[in-house]
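Annotation source Swiss-Prot lists active site, acyl-thioester intermediate at Cys224, citing sequence analysis. Taken from Swiss-Prot, the feature substrate binding site covers Arg113, Gly114, Gly115, Glu116, Tyr117, Thr118, Tyr119, His120, Ala193, Ile194, Gly195, Gly206, Ile207, Ala208. Sequence annotations record features per position, and here Swiss-Prot assigns domain 'BPL/LPL catalytic' to 74-262. Among the features that Swiss-Prot reports, site 'Lowers pKa of active site Cys' is placed at Lys190.
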Amino acid sequence: MPTGKLRQKPPYAAIMTNSPVTPSTETQQPKRYARFLPQEADAPPVEWLIAEGLTDYEEALAFMEARVQAIREGTASELVWLVEHPPLYTAGTSANAEDLLTPDRFPVFNTGRGGEYTYHGPGQRVAYVMLDLKRRREDVRAFVASLEQWIIETLAAFNIKGERREDRVGVWVVRPEKPRLADGSMCEDKIAAIGIRLRRWVSFHGIAINVEPDLSHYGGIVPCGISEHGVTSLVDLGLPVTMGDVDVALGKAFESVFGPRQTK
């Protein structure tokens, strides 16, 4: 993995929004963010789709743009869309060009989501989350923390303790078996990334959980601008899980955090 210093960034740099951000008094109390349920008891369930094979990234962007517009207009339901992509890098709105170490390795897409550079590829479960926050809570920080909670509960199904960090969006796994860092702190690896965008309080983009990707592909970037911590996956942690196993766990955890879903 690349080495270097961690650049300081706002704790919610993974957000890109043109919706007003409501100040929250709960910012330092993530436990309050554990649930992000619809306000109406009879709210329709969230549509849940799983794509087969590898999904072209530009096609995924076009689909999300159209769906977000339809959700805003009230002609489509909220949606969570699970996909895998061919190998590629994406750059968020905070990406530093110096963090793209090998620009010719894979296709690079500039995207409107928050955050910096990340990798997508086979063996990684990407969940695109298109929810109307007006139906839930107009609180961006609460939404991001709820996405983290969703990942944490998914990992718990495999007895993995995922942790959030105030200064680093995403979910992390402590690696006590690895050498400590130069400052004596415990090694931590990132197992899941978050990068979202809001358009008039409808979210898109989402989360990415490493199930069994080729972790060497992260070597072409400084993932999320963080160089002293590495990346890991469920299989890298010694778990013989499949993408199907993760999808089941994601579904159950989603209902716990966000409410009912409708599968096909």
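Backbone N, Cα and C define each Cβ position, glycine as well.
Secondary structure from DSSP puts Ile207 (substrate binding site) in a beta strand.
Mapped onto three states, the DSSP output places Tyr119 (substrate binding site) in strand. When the binding-site residues Ala193, Ile207 are compared by the number of other CB atoms within 10 angstroms of each CB, Ile207 has the fewest. Tyr119 (substrate binding site) sits 12 Å from Lys190 (site 'Lowers pKa of active site Cys'), taking the Cα positions as reference.
Looking at Gly115 (substrate binding site) and Lys190 (site 'Lowers pKa of active site Cys'), their Cα atoms lie 14 Å from each other.
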